[in-house]
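S.K.: Sharing a structure below in structure tokens format, with a few things to ask.
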Amino acid sequence: MHWWYEDRSSVLLLLFLYVLQGIPLGLAGSIPMLLASKSVDYKQQALFSFVFWPFSIKLLWAPIVDGAYIQSIGRRKTWLVPTQYVIGTIMFILSYKLDAIMGGPEPDVWNLTVCFFILNFCAATQDIAVDGWALTMLSKKNVGLASTCNSVGQTAGYFLGYVVFLALESADFCNKYFRSADSHKEEGLVNLSGFMYFWAIVFIITTTLVMIFKKEDAQNTSEINDTASKGVVSTYKLLFKIICLPNVLQYVVILLTAKIGFASESIVALKLIECGIHKETLALLAIPLTPLQIALPVIIAKYTSGPRPLDIFLKAIRYRLIFTLLFAAFVHYTPSFKLEDGTFPYYYFAAVLIMYCFHQVTLYSMFVAVMAFNAKISDPHIGGTYMTLLNTVANLGGNWPSTLALWYVDALTTTNCVGGTSNLVYCSKEDKAKVCETAGGLCVTTVDGYYVEAVLCLILGILWLIWKSDSTRKLQNVDPERWRCPR
């Protein structure tokens, strides 16, 4: 292990910074589960889904973070220190305000969205700064460890903020595994306020220590990132030149639309919670999936390393579209598996896990194929900027369909008023639902918008394949010189 020993302090610091980066992401992932348990409607879930957008659009401000800094503070610390202080401060304030925001029958989703959007915006900005700092913090022979620190640290942070938090927040989980039979309580070991308070203190203390004790190595900075040395304005001009290339523009359209057939996937977990599955149980399913998620890119890379990686991409889309219907069928039949005591049998969760495993194969096949093609076509003279642009577009192509799907679930749902003395036919609106119930009626869902969207997504996915399959394949035959950016 002596090969990285001289950089051990830097490796540990990078790992810790990436863990901190994953905490807001994990907490943001857990909030929809908490909102679902409070029966928040899907339009509000769609509103909250915007908090995941900053990591998909960070290229918009990345040149500023990379090129503008205060020399006396340091190129990376100029952005790292204030963003982490902002994250810690917001978490600290939220720890005292969450009871008012999340409490009651109607959580304040708008304020929650604003706060978490700022948290993730700062985390994305911190990611840009730490990625750049890693190049000068590590020695040349160990600079490859930066990506490992990123992957391991961010995954660990997300795991803490999502899986660990939801497990410790659950009264059922804590009573079953951490408390004796005579000491059961109606709450978990931690709540969201306490969890955020703890990490707020961690952010503030560690940021202060980094600001005081960690010095930046300014040597060879211009050599490390020649794109930034050209200036912020030049970088934006370069991005514009890249995206205006005819082939790149066509590829961007493909990346932005390819995942429209999978938009309904974002609703599956929320529907399962509606069916009675505990949110912490769904979170714990991520544990056995983690080794698979680590292994899949390595395995799939063997098949995408050739000259035609997008062939794998198109095949994966076809198989992933099948899961759109499989998920819908699984959600539909989930209530029939429910036992008399309100729990679900182990074989049900085994089936869920198996289905998720196969789904991950299709998901990672698409991801690795796109990454391989991006690396293949990127202009080597500006590879970092080129790759970042394409990866950002690919991420955005997954976010907007999910948000749109969540937004229209309720609009596509039909709820009828059955029985009672009311003349109402539909009671999808909350005020009409109260009128129906007051008149002795019962609001019954006759058409669930999720199933409508699942069918629509399948149709749109098939139409996309008809529309873009040939042009996607042809992009792989384009002369490499036609992907180069004019200089």
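Just so it is clear, glycine is given a Cβ too, placed from its N, Cα and C backbone atoms.
Reproduced below are the annotations present in TrEMBL:
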type	residues	note
TRANSMEM	52-70	transmembrane segment
TRANSMEM	79-98	transmembrane segment
TRANSMEM	142-168	transmembrane segment
TRANSMEM	188-213	transmembrane segment
TRANSMEM	238-262	transmembrane segment
TRANSMEM	282-305	transmembrane segment
TRANSMEM	317-334	transmembrane segment
TRANSMEM	346-373	transmembrane segment
TRANSMEM	450-467	transmembrane segment
S.K.: Which stretch, 52-70, 79-98, 142-168, 282-305, 450-467, tops the Cβ pairs under 8 Å count with the transmembrane segment (317-334)?
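M.R.: Ranked by Cβ pairs under 8 Å, first place goes to 450-467.
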S.K.: Check the transmembrane segment (188-213) against each of 52-70, 79-98, 282-305 and return whichever range has the most CB pairs under 8 Å.
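M.R.: Out of the listed stretches, 79-98 contacts the transmembrane segment (188-213) most.
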S.K.: Which bits of the chain, at least 6 residues beyond where the transmembrane segment (52-70) starts or stops, bring a Cβ under 8 A of a Cβ in it?
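M.R.: Tertiary neighbours of the transmembrane segment (52-70) are 25, 28, 76, 78-79, 117, 120-121, 123-125, 127-129, 132, 225, 227-228, 231-232, 235-236, 239, 388-389, 392, 395-396, 398-399, 403.
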